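Undergrad: Structure incoming, see below.
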Amino acid sequence: MDNEPISSQPDNHLAILEEELSREQLLLEIARLRQEIEEVKQEKADLEILLETTTEHADTIEEVLHNQAESAVRDSEKRLVQFLEAVPVGVFVVDASGRPYYANQTAQQILGKGIIPQSAAAQLPEIYQSYMAGTDESYPTDSQPLFQALKGDRATVDNIEIRQDNKIIPLEMWATPIFNETGEIVYAISAFQDITQRKQAEVERISFTQELEGKNAALQEMDKIKDEFLANTSHELRTPLNGIIGLAESLIEGATGQLPLQTIANLEMIVSSGKRLAALVNDILDFAKLKHHNLELQLQPVGMGEITDLVLRLSQPLVAQKPLQLINNISSDLPSVYADENRVQQILHNLVSNAIKFTDSGIVEISAKIIISPNSITTNNQQPITNNQQLAITISDTGIGIHENKLDKIFESFEQADGSTARQYGGAGLGLTITKRLVQLHGGEIKVESTIGIGSRFTFTLPLVTDKILETRQGIKDTYPSPHPTSPSTSKLLVTNNSDTLLLPESVSSKQKIICASDLTILIVDDELVNRQVLLNHLSLENYCVVQASSGIEALALIEEGLKPDLILLDVMMPRMTGYEVCRKIREHFPANELPILMLTAKNQVSDLVEGLNAGANDYLNKPISKNELLSRIKTHLEISKLNLAYSRFIPREFLQFLDKKSILDVQLGDQVQKEMSVLFSDIRNFTTLSESLTPEDNFKFINAYLSRMEPAISENHGFIDKYIGDAIMALFAGGADDAVRAGISMLQRLVAYNQHRANYGYMQIQNGIGINTGLLMLGTVGGKNRMDSTVISDAVNLASRLEELTKDYGVSLLISHQTYSRLQKPKDYAIRIIDKVQVKGKSEKVTVYEVFDADSAEIRDGKLACKQEFEEGISLYQQNSIRDAAQLFTHCLRTNPRDRVAQIYLRRCRD
């Protein structure tokens, strides 16, 4: 307890010490704050002095700053003016109101004067004499670039001219707006330059271009004249060659009987020489076409093995007595090439014939292998073939060989390895040139390796067929002119065999009386007697019936008179009317699938071929014409024509035409088209009674006898039969309702004649009913994958059938609907009367029905015509329920015409 006061004394001292230290720090802080306050007061006093001083000199400072700014602007303007005066173009500035503000020296020189500050904008074109280039029209103010710029647009023109002192200065001018800091347009500045030299250079360029174009046109015209001369010359060469070769070949074949062996040998020499000359003509023409890039390839997959076999077989006669073997060493496993088959054959023939020509013994072998080309391949149509695989075909021989220093020249025009070669082996030196260019057209290359005394190897490449190529490949009214031949009568030679010739009288209809060894008739149209004789000789070997015409006009006259040949051989180059014109005229009446036409010509340009096919030709043969090729082509086209004729018996040609299909092969399930047509439905009303007395075989004979008599009435009136339904006929007419009505009348008139014929044999008379309606039809194909049919689907068809059924009820033969009646061009030309408004099954509204009675017997027809007005008034009264008045009119009709079945029916209705 005693120790506690002693221990608490140090703590009290510390507390006192801390209190004294805190008081001292506070005094120091107060002193520091007082000092800072004094400093702030001093600064405030200084600021007040500075503010007072600044206020006193404010006007002076503002004036100094303003002067400094104006000085800077003047310096900037001076530099800008110096810049603008230094630029080599005219600079012209207007203010926002369009008044001139500034023009540099170049601008004043071009404009011929300086600026006129107070001039109005509309006065500027007149002041500075600005005009529309090439005219005397003042340049519109609103169209000038400066004033376009004042609207906020940038503008450039080069059609402005400044005129001063008989001097015209063409200008190119640009302009742009100048904005202030608030975005307002305050000025517009334009720059322009004298473009006189440019205009002169442009005039000179145009003049020079026109001069070049003129010279080029003249050269092209000369080239065209040369090509035409070449084509015409070749035609003149080919025509006699065709006669020489054709006549000689037909004599060898025995066209005039058996000849002595020596004569045959001499004729064979004539044929051989003629073919050599023809080959030379072909080479010259091919060379010309290749030179002018006028030869187009018809690319398709080609099997090299097969085409090589063909070429070697055709080349075998060239071997003659040489101990020479021709070998085809091309594997059948190699893929096809993408090439023009005829041109590949030409390439191979040229190379093989060369090899045979220069090889006395040993072998000529053709082999092939696949290679990879380092570059993409481009054919004549400039389409690159991305697959670089090619087929390299090699023709090797054991012949005389070619000297090394001649290898580079043999592909040049008119070149051969040695001048003595031409003398010994013949030829014009064009074959290899043509071969090389044909290979290049395919995108390939050709090269040669040769050793003197050992032989030569020619290798050329062709592109292989790719999948893309295969996918791409999958993916023609005037009437005939009335001819006026110079000769009043011209007989037509008809050849049936070697010895029998008959003259066909002027009336072609008498041709049916001539008995031919063949039922196939060929019309030859050629103005050259020699050409016609060659064709006659060739065709006589196949016993064709042949009719000749020496001109296109004569041929058309024959056809107009009724001649219907199975095939036409038509020359192209004929006077007065070309083969193309003749072909077009024939095609107006006979389609290509019905009457094949083969063009015969010495013109073999691609354009000639295209023109012939466009005119409607089926095929094209070049003169001189090979007998075997001619007969083969004729046989092929006759077979195709027979097939088309057979198809048309089941699928009408008109059906294909409406569907816009060239062949039945193009028709697909679901193909359809909508068209307004008239439907004729005909049926034998008493067929059941007739058929009960006939055997099934006799039924067939009866139906065919009946239908064959009705069919011409339809076709002669521009209709076609859509279906035979037992004894019923459904026919369609696209030309108009008149065709259908005329056909119906003709059918009934033919039926009258047929019934007279049947009466002679005691057969039952046929009663026929015909209904005709007109409307929109859907014509197309229906069915399934394995069986489909051509048909028409429409309510119009049903109504035609219902009208035919009504003929029984009214005891008449021909009824037509109001739709058909309203589409007749001249209803008054027919014997027609309205007979009723009926409710037909399937129709919500009543149908107005008319009777056509032109085919009735004269007595009944005249009676109906005499009472027509009263009859139709009676119909109207009956429909208005004026029964008594109607009955009086029908009674009067029956007094005049007691056999009027319809009047009888209405009178009974009235009485009932």
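Here the Cβ of each residue, glycine as well, is placed from N, Cα and C on the backbone.
For 14-57, the entry in TrEMBL reads coiled coil. What TrEMBL records for 76-112 is domain 'PAS'. The domain 'PAC' annotation in TrEMBL covers 155-207. Among the features that TrEMBL reports, domain 'Histidine kinase' is placed at 232-466. Here TrEMBL flags 521-638 as domain 'Response regulatory'. For 678-804, the entry in TrEMBL reads domain 'Guanylate cyclase'. Feature annotation from TrEMBL assigns 4-aspartylphosphate to ASP571.
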Undergrad: Can you tell me how the residues of the domain 'Response regulatory' (521-638) break down into helix, strand and coil by DSSP?
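TA: Tallied per class, the domain 'Response regulatory' (521-638) gives 52 helix, 24 strand, 42 coil.
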Undergrad: Around the residue listed as '4-aspartylphosphate', how many other C-beta atoms are within 10 angstroms of its C-beta?
TA: 26
Undergrad: What are the DSSP helix/strand/coil residue counts across the domain 'Guanylate cyclase' (678-804)?
TA: 60 helix, 42 strand, 25 coil
Undergrad: Over the span of the domain 'PAS' (76-112), count residues by DSSP class, listing helix, strand and coil in order.
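TA: When I sort the residues of the domain 'PAS' (76-112) into the three classes, I find 18 helix, 10 strand, 9 coil.
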Undergrad: What is the three-state DSSP composition of the domain 'PAC' (155-207), stated as helix, strand and coil residue counts?
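TA: Here the numbers are 12 helix, 33 strand, 8 coil.
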